[in-house]
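First the structure, in the form of structure tokens, and then the observations on it.
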Amino acid sequence: MRRKNLTEVTEFVFLGFSRFHKHHITLFVVFLILYTLTVAGNAIIMTIICIDRHLHTPMYFFLSMLASSKTVYTLFIIPQMLSSFVTQTQPISLAGCTTQTFFFVTLAINNCFLLTVMGYDHYMAICNPLRYRVITSKKVCVQLVCGAFSIGLAMAAVQVTSIFTLPFCHTVVGHFFCDILPVMKLSCINTTINEIINFVVRLFVILVPMGLVFISYVLIISTVLKIASAEGWKKTFATCAFHLTVVIVHYGCASIAYLMPKSENSIEQDLLLSVT
């Protein structure tokens, strides 16, 4: 009988925001507007950087890569979420769920390390301005971007393999897309080893880049404190303010959603953090 149950699970259904069924239309409109603004904003950033030759610098190159990565990242999540408001029981195949998880994890980790690369770029621009152009050559920039993406691919392969080799007995995913932990909960067997593997991966992809960014800003601050002119302070603040804001929001939400014990997080909180 158990074998029969294992072979029957070929697709999943998302629980999504079914708890808020009375507000489906409102949520659909709100998230559609936010999604449109996000995609449009990233498209504008990439277009301006591409057209304006004055912006063909390492800092804006990394920014354009982050914008493109975030755009593709949302394509794997938000349309699925929006469709769940319209068709509440829309299923996804096991293969489709695997594919969605792989690309979601790849791009999420890629974003983490791209932010780290941007922190390194700011460090070099402020702390080593004379050597900045030499060290951050076009070749080095491409290698850093490829390195971030490669780490994302490798970590995604580990996580997806550890999850989708499990036998599944349940079909309702407690999320609006195929995230690692909600899918793992559908397994029929003990997943302790898989949970340990994925927790170690999460620690690596969140704490390591966050730590590197922290070190970069400690070095930046120590350099800025030596600057006597107000103009130098303004230039440094203008360079780092946007990146630091994104870093705080990104790593803050990621840490709460993926590092805190699940007993301390409500389902609604996890859903909203995932959207962020």
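Every residue, even glycine, has its Cβ placed from backbone N, Cα and C.
Swiss-Prot has this to say about the protein:
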type	residues	note
DISULFID	Cys97-Cys188	disulfide bond
CARBOHYD	Asn5	N-linked glycosylation site
CARBOHYD	Asn190	N-linked glycosylation site
TOPO_DOM	1-25	topological domain 'Extracellular'
TOPO_DOM	47-54	topological domain 'Cytoplasmic'
TOPO_DOM	76-99	topological domain 'Extracellular'
TOPO_DOM	121-139	topological domain 'Cytoplasmic'
TOPO_DOM	161-196	topological domain 'Extracellular'
TOPO_DOM	217-236	topological domain 'Cytoplasmic'
TOPO_DOM	258-270	topological domain 'Extracellular'
TRANSMEM	26-46	transmembrane segment
TRANSMEM	55-75	transmembrane segment
TRANSMEM	100-120	transmembrane segment
TRANSMEM	140-160	transmembrane segment
TRANSMEM	197-216	transmembrane segment
TRANSMEM	237-257	transmembrane segment
TRANSMEM	271-276	transmembrane segment
Pairwise Cα distance for Cys97 (disulfide bond)/Asn190 (N-linked glycosylation site) [Å, integer]: 21
Secondary-structure category, per DSSP, in which Asn190 (N-linked glycosylation site) falls: coil
Disulfide-bonded residues: Cys97, Cys188 - member with fewest neighbouring CB atoms within 10 Å: Cys188
Confidence summary (mean pLDDT) of the topological domain 'Extracellular' (258-270): 61
Secondary structure composition of the topological domain 'Extracellular' (161-196) [DSSP: H/G/I, E/B, coil]: 14 helix, 4 strand, 18 coil
Composition by DSSP (helix, strand, coil) of residues within the topological domain 'Cytoplasmic' (47-54): 7 helix, 0 strand, 1 coil
For the topological domain 'Cytoplasmic' (121-139), the number of residues DSSP places in helix, strand and coil: 13 helix, 0 strand, 6 coil
The topological domain 'Extracellular' (76-99) - residue tally per DSSP class, helix then strand then coil: 15 helix, 3 strand, 6 coil
Cβ neighbour count within 10 Å of Asn190 (N-linked glycosylation site): 9
